């Protein structure tokens, strides 16, 4: 190590005298040209930050500490490109130093140095430190959930006080995971924490940067962009939160500053949080590579996925979503099926909500398992992410990627039990037509179903009776204005799945076949 002071190391005799009457009277050796004596220093909740870029704001410095706990004081030494930051507890300061030992702290894309101070608390002359204190109070007000309006003037022209972004993904045709989000957004700065959840049947995420400036840059660059061609549109705004509380590191939430966190029991930190509405572990079967390449160079304008080529690489590198399905099996293995009830037709209808099913084969020697072949790997993984762990005919279905590339058809006359069926020519494929509205209406299984193509003259009582006869209990019903579409709410997701399999494409007479899909709405 040369003259640079590493994170967590004290600058012995060069420690600043914080009890001077003016910040300008303080002395510090900000030069790295002199050889410094480096000693291990005891932890302190006061941290000394050096090599800050010119014109850095108090908010940017405070943001370095916010992810680790409450920031209780700050002292800026702008002429020396240094600052002191006091955290609420020594434990928070230790966590912060340990994290920035592994991850180089940056402010405005400039590496800075963080170390423990000799002092156990930060005493500042409030008259000389008014702006910093006002910013601190404003940030604290936001952190505590109260209004910072009385301090808003201080923040004008400064970066936003929150390093946390709220991300909503519209038109989500392909799964979006923690790893995809982390790799996309880390282009703009250090991503510290992410929580994903479903709210109002919409996939959302809270993502915390180490610096609100990075959050601002990410919002400016990514808001309104598509992760993939014509789908997975990012809608981004600033969260009112300035610090996320992550309890578990799993497929729904991650604290990159705390790799020691437990995975939890599959339940996330909030009852509304669920990744694509599926239980924990839904993605486990391919999180480690899924049998195909787990690394990919950034696409250079060839553009299977646009406009964010980084997102394409992130998705592929995370082994979650394939590029155009190339080289990736579109075949799924569904197991733990109710072999008394399941048929190739019912699986075609259910998996067809998420992709165009080409072939279904119930295994001859293991009739509680089936192979389902979709048009490509993207559709297969979308279906897997939504359907793995769902209860179908009373049993929890497991869905994983199959090692098979295709489902073979039996030789003519050999399939006397009708266990294999070819659906490649079916008129019921939802996604054959480019730009179809079906691409925009893909949602997790839910108790509420969307009905369309309802024949004139068919009323609420007719539809309630039809769905009740299918073995379910209708809890609520609502016609749309034109009465060609409606919402119908069953008593459980399992009942909705069963009635969708039974009644999608039901012949209502007069060449009107009922269309059934899962809805994001509730009645």
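Glycine too: its Cβ is placed from the backbone N, Cα and C atoms.
According to TrEMBL, the feature compositional bias 'Polar residues' maps to 19-31.
Taken from TrEMBL, the feature compositional bias 'Basic and acidic residues' applies to 32-42.
Counting residues of the domain 'RRM' (45-129) by DSSP class, helix then strand then coil, yields 27 helix, 26 strand, 32 coil. Per TrEMBL, the feature domain 'RRM' maps to 45-129 (among others).
Look at TrEMBL and you will find 165-241 (among others) tagged as domain 'RRM'.
The feature domain 'RRM' is assigned by TrEMBL to 330-404 (among others).
According to TrEMBL, the feature domain 'RRM' maps to 447-521 (among others). In terms of DSSP helix, strand and coil, the domain 'RRM' (447-521) has 21 helix, 24 strand, 30 coil.
If you look up TrEMBL, you'll see 1-43 (among others) marked as region 'Disordered'.
As annotated by TrEMBL, region 'Disordered' applies to 253-277 (among others).
Note: the domain 'RRM' (165-241) comprises 22 helix, 34 strand, 21 coil (DSSP; helix = H, G, I, strand = E, B).
Per DSSP, the secondary structure of the domain 'RRM' (330-404) breaks down as 19 helix, 24 strand, 32 coil.
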